[in-house]
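Taken straight from Swiss-Prot:
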type	residues	note
BINDING	Gly172, Gly173, Ala174, Gly175, Val176, Gly177, Lys178, Thr179	ATP binding site
Amino acid sequence: MRINPTTSGPGVSALEKKNLGHIAQIIGPVLDVVFPPGKMPNIYNALVVKGRDTVSQQINVTCEVQQLLGNNRVRAVAMSATDGLMRGMEVIDTGAPLSVPVGGATLGRIFNVLGEPVDDLGPVDTGTTSPIHRSAPAFIQLDTKLSIFETGIKVVDLLAPYRRGGKIGLFGGAGVGKTVLIMELINNIAKAHGGVSVFGGVGERTREGNDLYMEMKESGVINEENIAESKVALVYGQMNEPPGARMRVGLTALTMAEYFRDVNEQDVLLFIDNIFRFVQAGSEVSALLGRMPSAVGYQPTLSTEMGTLQERITSTKEGSITSIQAVYVPADDLTDPAPATTFAHLDATTVLSRGLAAKGIYPAVDPLDSTSTMLQPQIVGEEHYETAQRVKQTLQRYKELQDIIAILGLDELSEEDRLTVARARKIERFLSQPFFVAEVFTGSPGKYVGLAETIRGFKLILSGELDSLPEQAFYLVGNIDEATAKATNLEMENNLKK
């Protein structure tokens, strides 16, 4: 699908053709604006309020038209704080939706929802902008090739492999490691695949956004000396922003990614942290606009809003967008409408478990709950499929036996079940892995494990060749050779203690 980029500045289109209205009502981030008869702006048009407040501070607020109320009134949602706005202030209809800068000049820079740089590195050197509201690519333009996207993370590559050009969801409650996993994926993909990434920070912590930026500079993903050599563009609309900005920042990031796909014909990675906050912002805006709430207080348009965003994240014959989205699960309830609606759009789901995080097994990916449409023998091959199924069977049997172990103890199990439990505990620990982005916390260097190495390691555990090794030897290591070396070191340490 080709974009027709314009060549005006970012944020708002040229303001020459002035269609002027004035503010009639302000309720928090929502403005009612009156326009002259016959000059009503279209839905999604950007409106700009410029002027000075009561203490002569400059005001420049951009809003987006959401409703036409009748009587020449429109209702718009502000993209920044509405402090200092007053009734009667002049409002300019720009005659077009919000437009943001696109292209190579966006790499290495941080933007807000309007496409304005917020990193104090001066203006963006691009004349090309693109509107954030566009239709999804036509069905005939979509690409249908199936191939695996290797991440270097054992548990993901083996049990819930990602599809190149697919959509992946990271599900988890608060504090189980979604953001760390996303940061590791950005790091691994930038190093191993050398692709261009766009990161959309939607309604998450500003501190984490800052940490991510600093880490990217340290690791070279963002090149400070030569900013054009950078591999990622960052778009932030964090927790402190009004709901309008949080609702639209995902579209800003997606618009930048679409340009790399359609015009530059590149394979792009789009990270969204957190897609739940996109839904949450939509819910806030929906309530402010006076719509009747739906199930659990969510907006009645939940499925439509999610579909509009997700249908644009796709692969065409020009290039691909592989999207990795963190999904916060409220109160760890996967049946909540927000995560449940997201599930429908995904090719793979990586579910993070509080139980595993409590055991200290990181990444805390639940091997039985995580799924992928790619885990089929005709796609991944017989060896990979068989190994993954046997790993899942072993872990499932261990899960079934846990109640018996808790009540009666290990000694009451049959010989076969005891062996299954021992291997399952080794597998559980071998699914952990030291991360590059967590080196500061763990003290151990990060590891990238190729898919072939991962399969070899799990086949060895399942075959029983490593039954004699202690289970702690498999904890936080890379490939299986490191586990055997760690077992030898542990044995030597024990002998020295004796």
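Backbone N, Cα and C atoms are what each Cβ position is placed from, and that goes for glycine too.
Given the structure is predicted, the values throughout are model-derived calculations rather than measurements.
Sequence features, as recorded in Swiss-Prot, placed on the structure.
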residue: Gly172; record: ATP binding site; Cβ within 10 Å: 26
residue: Gly173; record: ATP binding site; Cβ within 10 Å: 17
residue: Ala174; record: ATP binding site; Cβ within 10 Å: 11
residue: Gly175; record: ATP binding site; Cβ within 10 Å: 10
residue: Val176; record: ATP binding site; Cβ within 10 Å: 27
residue: Gly177; record: ATP binding site; Cβ within 10 Å: 21
residue: Lys178; record: ATP binding site; Cβ within 10 Å: 26
residue: Thr179; record: ATP binding site; Cβ within 10 Å: 22
Per DSSP, three-state class assigned to Gly172 (ATP binding site): strand
Other residues, Cβ within 8 Å of Gly172, Gly173, Ala174, Gly175, Val176, Gly177, Lys178, Thr179 Cβ centroid (ATP site): Tyr328, Leu352, Ala357
Mapped DSSP class for Thr179 (ATP binding site), helix or strand or coil: helix
